[in-house]
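Asker: Quick one: the structure is below, questions incoming.
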Amino acid sequence: MGNSCSNHLGIPPAKGPYPVGCTDFMMDHTAQGSFFRLYYPCQETEKAEKPDWVPCREYFNGLADFMKINRALSERIFNYLFGSFKIPAYLDAPFKSNAKCPVVIFSHGLGAFRYTQSTICTLVSLLHRDQSASATYYFREKTESDKENVPNTSASARDNLVKEWMYYRSLHHGESEFPLRNKQVKQRADECILALDKLTEINSGITVQNVLQTQFDWTTLENSMDLCRIAAVGHSFGGATVIEALCKEVKFKCGIALDAWMFPLDDEIFPRVKQPIFFINSEKFQWAGNISRMRKLDSALIQRKMITIRGTVHQSFPDFTFLTGNWIGKLMKLKGEIDPEVAIDLSNKATLAFLQRHLGLEKNFNQWDPLIDGQDDNLIQGTNVTVLQSSI
């Protein structure tokens, strides 16, 4: 889409033992269908290309709406800053794995989209359609006027469909926020479960119809997933989505909430969540009221852990922190005081250790178990926020 202002910036490549592939899936062309990006271990191939981090201008428009800035001006700025970055994964590369893969569903934050957490994502990154994403899309069937006036703008969709963009929905003047966010978090959790149901069908060998006509062969995923090992991970609003999804679906064996925004959740769901949860927080975003809601999930019987990464901000988890220089990053609150790669490395290693512990993975991720308890110079066990006992 454009040229980045710097050549040394970029999304760090995956550190695992396998090359990473990615492909997009849309079940049902309507707004009610499931839409996600799948990340998976792949075969090395010279033909596969790395996808653009932001594939089209509509995502920049959505970010502008979310930030309440002019679209035309912001498009130039965003294109200059982020326009040439690639996601470090191979688009539609053939699947390859020597063992069944655990399933991790990822939920993005408010105003984000499915590409913004590619530094973290290892399996299924949803693009929510509750109007909390900066931008997403679905398809509607062409009308007679469309056939006369509108060319088919997407070669990847069926010829009788027209792409419809759905942008971030701001609060209306005088509108109460909780009813909207509570409705959205419930829809988000349902979308996580819908994606899991679709993956279950794919794993069982049922033929699926992908509205997006990608080159990926979905039949190669038959019997490739370990559906006894499923987890939910999310950032910010996605962290709240994790809690809601765990409450609704026991197939999720544990959840990891990255700098969770707890506001959208009903208090009544907290005692109904029975799975282990790991809160990984930034140092600068959290406040007493939010932490006190996390503490309502404390349990003597179920493991609930919390750590805080020193020197981090709320945007230390999404990709933006890797794509801006130090001055611009701090001006836009996309960078904290800590090296972004150090911060995300701590978060990812602690996440893997927690997943191994609660999904029973046969890996060596338990070498990072001390991080779960905040045992590192860059970590705080629990929180840096003072919370009065009476507020819990």
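The chain as shown is numbered from 1 upward.
Even glycines carry a Cβ here, placed using N, Cα and C.
Annotations in TrEMBL come from automatic prediction, not curation.
According to TrEMBL, the active site, nucleophile annotation covers Ser236. Feature annotation from TrEMBL assigns active site, charge relay system to Asp259, His314.
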Asker: Between His314 (active site, charge relay system) and Ser236 (active site, nucleophile), what C-alpha distance do you get in Å?
Answerer: 8
Asker: Among the active-site residues Ser236, Asp259, His314, which residue has the largest number of other Cβ atoms within 10 Å of its own Cβ?
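Answerer: Selected residue: Asp259.
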Asker: Please report the Cα separation of Asp259 (active site, charge relay system) and Ser236 (active site, nucleophile) in Å, rounded to an integer.
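Answerer: Computed Cα spacing between Asp259 (active site, charge relay system) and Ser236 (active site, nucleophile) is 5 Å.
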